[in-house]
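Annotation source Swiss-Prot lists substrate binding site at Asp7, Ser8, Tyr39, Gly40, Asn72, Thr73, Thr185, His186. Annotation comment: Swiss-Prot describes Cys71, Cys184 as active site, proton donor/acceptor, evidence class sequence analysis.
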Amino acid sequence: MKVGVFDSGLGGLTVLKSILKVLKNAEIFYIADTAYAPYGEKDSALILKRCEDITNYLLKEYKIDALIVACNTATSAAIKHLRDNFSSLIVIGTEPGIKPAILNTKSSNIGILATPSTLKSDKYQLLVNELSSIKKVNLFEQACPGLAMQIEKGEINTLTTYKMLEEWLIPMKEANVDTIVLGCTHYPLISQTIKKIMGEDITLIQTGDAIAKRLLSLSEEKGHKNIGDLKVTVLHTGLINLDMIENILENKNIEVRKCEI
C-alpha cells in the first residue's frame, strides 16, 4: 500500500508518527510544503490549489492508494474538493477533536487552540453546530497566529513560545478549562509547555491516533494486508529542519529529499 501524507510543514509528522504505530506494510510519502508554510495564515483559494497540486504530484510520481491531509487548515479548505475529484483514493482529513473533548470534560469548559484559518472556516463552525446537541459546554476558542511557525523553527522550549502560550492559556486556566483541543497538527509538539501553564491534570486532545486507526480500517476494507516492511520518504518544497524530523519520528529509518511542486 502506498500512502501520501502532507502538511504545510512538519506538524503533520505527529500524524505520521501515529500511523507508523499501526501500519506495518506500506510505502509512505510525506510532503512538507514548507515553501508555502504556514497554511494557517494563507487564503483558502491558495491552500486549495496547493492541496490539489500535491495530490496530483503524489499520484503521478508514486501512484498512492491513500491520502492523509495532516493539517486542520488544509482539511477545512480542501477535503470535499479532494474527495470529489480523487474518488479512487482513500482520503482522510484532520479536524479538531471537539467530540472527544465534549465527552471528556468534567467542568464543561473546553479550550480550542487553532490557526486563524481553521477557526474562521465554515467546516469548523459546522462541526461545532453538529456537536452542540451532545452536551452543553462552553468553548474558549483561541486563534494562535505565529505559533505553528515557532514550532516549525524548532522553538518549542523557548521563552518566546512560552510567553505566547501563557497569554492565550491563562484566561482558560482562570475559566476552569479542563480539556484543550489541539486544533493544529503542530501543537502536540508543545504539549509539555501547555501542561506547565495549565497543570498536569489538563487533558489534551489530538487526532493523530484516530486518523491512524481510520486509515488501517479503510485499508483493510480495500484488501490491503498489514504485514511486511515500512518505507518512509519525507519530501520538502522549501527549507526544512532536519533535527526536528529526527526528534519527532525518533530517528526512524527515513529518506529525506527536496521536491518541486
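Just so it is clear, glycine is given a Cβ too, placed from its N, Cα and C backbone atoms.
Features as recorded by Swiss-Prot, highlighted on the structure.
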| residue | record | Cβ contacts under 8 Å, 6 or more apart |
| --- | --- | --- |
| Asp7 | substrate binding site | Leu13, Val15, Ile31, Ala32, Asp33, Tyr39, Ala70, Cys71, Ala74, Thr185 |
| Ser8 | substrate binding site | Ala32, Asp33, Thr34, Tyr36, Ala37, Pro38, Tyr39, Gly40, Cys71, Thr73, Ala74, Ala148 |
| Asn72 | substrate binding site | Gly40, Thr94, Glu95, Pro96, Ala114, Thr115, Thr118, Gly183, Cys184, Thr185 |
| His186 | substrate binding site | Gly9, Leu10, Gly11, Thr14, Leu147, Ala148, Ile151, Glu152 |
Simplified to three states, DSSP reports Ser8 (substrate binding site) as coil
In three-state DSSP terms, Cys184 (active site, proton donor/acceptor) is classed as coil
For Cys184 (active site, proton donor/acceptor), the number of neighbouring Cβ atoms whose distance to its own Cβ is within 10 Å equals 31
